[in-house]
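To start, the structure under review is shown below, and the notes come after it.
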Amino acid sequence: RAMSDAHCVFLQRTAGSSSDGTEDSDFSADLEHTETTESAHRRSSARLTRASLRLSRGSRADLKQGADRDETPPRTPTGNAPSSESDIDASSPSNDLLSLKEAAAHDLSHRPKRRRFHESYNFNMKCPTPGCNSLGHLTGRHERHFSISGCPLYHNLSADECKGKASTRDKQAEERTLSHRQDENRHSTRNQAPSDRQLRYKEKVTELRRKRNSGLNKEQKDNHVEHRQSHGASREPLLENITSDYDLELFRKAQARASEDLEKLRLAGQVSEGSNMIKTIVFGRYELDTWYHSPYPEEYARLGRLYMCEFCLKYMKSQTILRRHMAKCVWKHPPGDEIYRKVNISVFEVDGKKNKIYCQNLCLLAKLFLDHKTLYYDVEPFLFYVMTEADSTGCHLVGYFSKEKNSFLNYNVSCILTMPQYMRQGYGKMLIDFSYLLSKVEEKVGSPERPLSDLGLISYRSYWKEVLLRYLNNFQGKEISIKEISQETAVNPVDIVSTLQSLQMLKYWKGKHLVLKRQDLIDDWKAKETKRGNGKTIDPKALKWTPPKGT
């Protein structure tokens, strides 16, 4: 373009010289020299720059007219759309190059947008609600769903109804935002009186709640009973006429908001597809609600309920499969060696290397009730000590703890669990006491592996407190040593010190640490022991076990 401008200036000056007779001889000589030395380069550059100028002017015209003209990509001198920036004159100024880029970006807008589903959608997943095709979402904002929380069918709605409710909520949110902006203009004080709009809204809500029916009529009751008999727990109960329309709509909004939050977590990868889908498990004669996600296979994880054999711990999809399995299952107790038995309480030592499938199933089961557990499949380096309660039908799982075969830090427990149906009955403390009994036989000082779960930390602190108070109650000497307590109880000195500090029994005086024997705590412990009795305790004489050799 610079050469074109110079050429135009030259034409103007030569034309002017013929009229006034003041031609610049130096400029003419320079131009003639340039034409003789660079004629070929100038001709080719002039052709390209003229085409670039026409392209630039055409692009600006397209930008001005916009939608009035046919939006087609700009053409090069060859008649093709430019494939890259190399097709545009590199010697043009930066402002023309930017205008060409803007024109190209604008002219590509005629292309239809490709419809894409989110990359995290897994179309092999299905909604667990019977008869649902996984289309639509309770929030009305998504094309598909994979969980009950987002299933319109489960909530007795259709996908179109959910979309309509979503648009209604959006309009109400806009109106609420507009009204809040109007209220912001009011003078704010500490004891600000409600506005007229707020008073009218309060009266409206009161009137809506007053109009609701006091109870269901016969036809409505029949509809509710028929719905419950037809769908059972696979559908949400009918909620109409149970409360006012206003309160029901509030509940629907809360459901949609919770479903949207779960969907955001799933799309962000914080909640994997199929996670938290196992709501309950059928385990023996109990139906247990799960607490956390466990990495069961995908075909089982998307089910709302799992059926498990309480003896071999195999998991199944239906009650029929479980019934057929129980008719053929010959297991009545865990595999491995029975190393402890007193009355109906037994403990079995199971080697993760010899009974790999059982131990893996045990870990998957435990993860449903433990948050910090990370061991699922690599069970070979561990020993599992499974506590059971026996009756005429077999040995029922009470709880277990796992332990490394060769622990560098002398951990005596890697993971510990008491089944929910046996919690708060003293079995957790029996498992902890049994782990320390094994440490005493091994002549080692043990400690649980960190981090502990919330319930595990409570149980261990309670156990350490009981051990220390029992030791102090039986101690008759004047000087006491943390090391001696540790050797006799097999409790790690760090755990002893932390427990003494929590009980305010450890003081620092004149450069020495003193252990205070608080008689009030000892008396409280003795009273609880008398009231509790000696039912749930471990008898060291009933243990038949020798420490396993290193593997």
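We count from 1, first residue shown onward.
Heads up, the Cβ atoms here are built off N, Cα and C, so glycines get one too.
Here TrEMBL flags 1-94 (among others) as region 'Disordered'.
The compositional bias 'Basic and acidic residues' annotation in TrEMBL covers 30-41 (among others).
Annotation comment: TrEMBL describes 46-58 (among others) as compositional bias 'Low complexity'.
Annotation source TrEMBL lists compositional bias 'Basic and acidic residues' at 59-73 (among others).
Annotation source TrEMBL lists compositional bias 'Low complexity' at 81-94 (among others).
Within the same chain, residues 136-141, 152, 195, 197, 252-253, 256 sit at least 6 positions outside the compositional bias 'Basic and acidic residues' (162-187) and bring their C-beta atoms closer than 8 Å to a C-beta of that stretch. The compositional bias 'Basic and acidic residues' annotation in TrEMBL covers 162-187 (among others).
The annotation region 'Disordered' is assigned in TrEMBL to 162-237 (among others).
Residues of the compositional bias 'Basic and acidic residues' (197-208) grouped by DSSP class, helix first, strand second and coil last, total 12 helix, 0 strand, 0 coil. Under the heading compositional bias 'Basic and acidic residues', TrEMBL lists 197-208 (among others).
Look at TrEMBL and you will find 218-237 (among others) tagged as compositional bias 'Basic and acidic residues'. In terms of DSSP secondary structure, the compositional bias 'Basic and acidic residues' (218-237) contains 17 helix, 0 strand, 3 coil.
Taken from TrEMBL, the feature domain 'MYST-type HAT' covers 273-547.
In sequence order, LEU409, TYR411, VAL413, SER414, CYS415 make up the list of same-chain residues 6 or more apart from GLU449 (active site, proton donor/acceptor) whose Cβ falls under 8 Å from its Cβ. Sequence annotations record features per position, and here TrEMBL assigns active site, proton donor/acceptor to GLU449.
Residues annotated as compositional bias 'Basic and acidic residues' in TrEMBL: 531-542 (among others). As a summary of secondary structure, the compositional bias 'Basic and acidic residues' (531-542) carries 5 helix, 0 strand, 7 coil according to DSSP.
Below 8 angstroms of C-beta separation, residues 339-342, 349, 353, 383, 405-406, 425-427, 429-430, 433-434, 437-438, 440-442 of the same chain, each at least six residues beyond the ends of the region 'Disordered' (531-551), sit close to that stretch. Residues or ranges marked as region 'Disordered' in TrEMBL: 531-551 (among others).
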Mean pLDDT, the domain 'MYST-type HAT' (273-547)?
-> 89
